[in-house]
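Record features, source Swiss-Prot:
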ACT_SITE  H37  active site, proton donor
BINDING   30-37, 146-149, I175, 183-186  ATP binding site
BINDING   Q60  beta-alanine binding site
BINDING   Q60, Q152  (R)-pantoate binding site
Amino acid sequence: MEVITSIKEAKQIVKNWKSHHLSIGYVPTMGFLHDGHLSLVKNAKTQDKVIVSIFVNPMQFGPNEDFSSYPRDLERDIKMCQDNGVDMVFIPDMTQMYLKNFSTYVDMNIITDKLCGAKRPGHFRGVCTVLAKFFNILNPDIVYMGQKDAQQCVVVRHMVDDLNFDLKIQICPIIREEDGLAKSSRNVYLSEEERKASLAISQSIFLAEKLVREGKKNTSKIIQAMQDILEKEKLIKIDYIELVDFNTMDNIENIADNVLGAVAVFVGETRLIDNFLVQGLK
């Protein structure tokens, strides 16, 4: 496995692979890897070569968010990549990714102003800008992203279409702890009491998905059922609960096909997200 920190060197390796007609699966991460990331790597191994990038991107954090305290363990991440058959770990530093006087950004006027975008202004501009750079550097064939960041998946897919990137976005299922909590690097922030309270998040998601699959149509009643579960936990503060069209992120009044149920909450000081996606309803 190659551990690369230079953009120039990464591009050279990719160029060599492409000259031998090798396909590339790419998993973008901010590090502190967990089983959710490793499931993306497993999916990416259907390609000839697998690249994992590790970069805690300051541009997607707000001024009062957790950039400085975001969990980091590079040595552990590299070992996990090696143990799971990754071909290249790309770890550029800040000065390479954002040169002095950097002033070019990728932004859009739709999709990003809803859900997490409404609560975290500038977040998706940061995500799209850094991923556009990684796509240019690494030239992947398929990019593997987790459904837990469902809005991000839709936003990035939209960017790929708009800017004619020659790649595909593959959305992979949410990976959960045995008790249902969605895997997240931020789970490490939770105290024992907060960790217990956080189970209400997945419980609300599972209930809502069950109601949708049973044919319930009234979104306000489904949202209320989710809210009732979450509000039982005093350590949880709801950021949003939404039922939206998965492609547009527009709110829906009555359940139709392609529905995303999304939740964001604060458990103590830690912001966690979760969702369910139901497609193929008749």
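Placement of Cβ uses the backbone N, Cα and C atoms for every residue, glycine included.
Known features from Swiss-Prot, placed on the structure.
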residue	record	DSSP (3 states)
M30	ATP binding site	coil
G36	ATP binding site	helix
Q60	beta-alanine binding site	helix
Q147	ATP binding site	helix
Q152	(R)-pantoate binding site	helix
I175	ATP binding site	coil
S185	ATP binding site	helix
Neighbouring C-beta atoms (10 Å sphere around the C-beta of H37 (active site, proton donor)): 26
Across all protein chains shown, the one of the binding-site residues Q60, Q147, Q152, S185 with the most other Cβ atoms within 10 Å of its Cβ is Q152
Quick note, L33 (ATP binding site): same-chain residues at least 6 apart with CB under 8 Å of its CB -> R76, D77, M80, C81, S185
What's the CA-CA gap between I175 (ATP binding site) and H37 (active site, proton donor) in angstrom, rounded? 9
At a 10 Å cut-off from the C-beta of I175 (ATP binding site), count the other C-beta atoms across all protein chains. 18
In Å, rounded, how far does the Cα of H37 (active site, proton donor) sit from the Cα of M30 (ATP binding site)? 10
CB neighbours of M30 (ATP binding site) within 10 A? 20
Long-range same-chain neighbours of G36 (ATP binding site), Cβ under 8 Å, sequence gap at least 6? G146, K148, I174, I175, A182, K183, S184
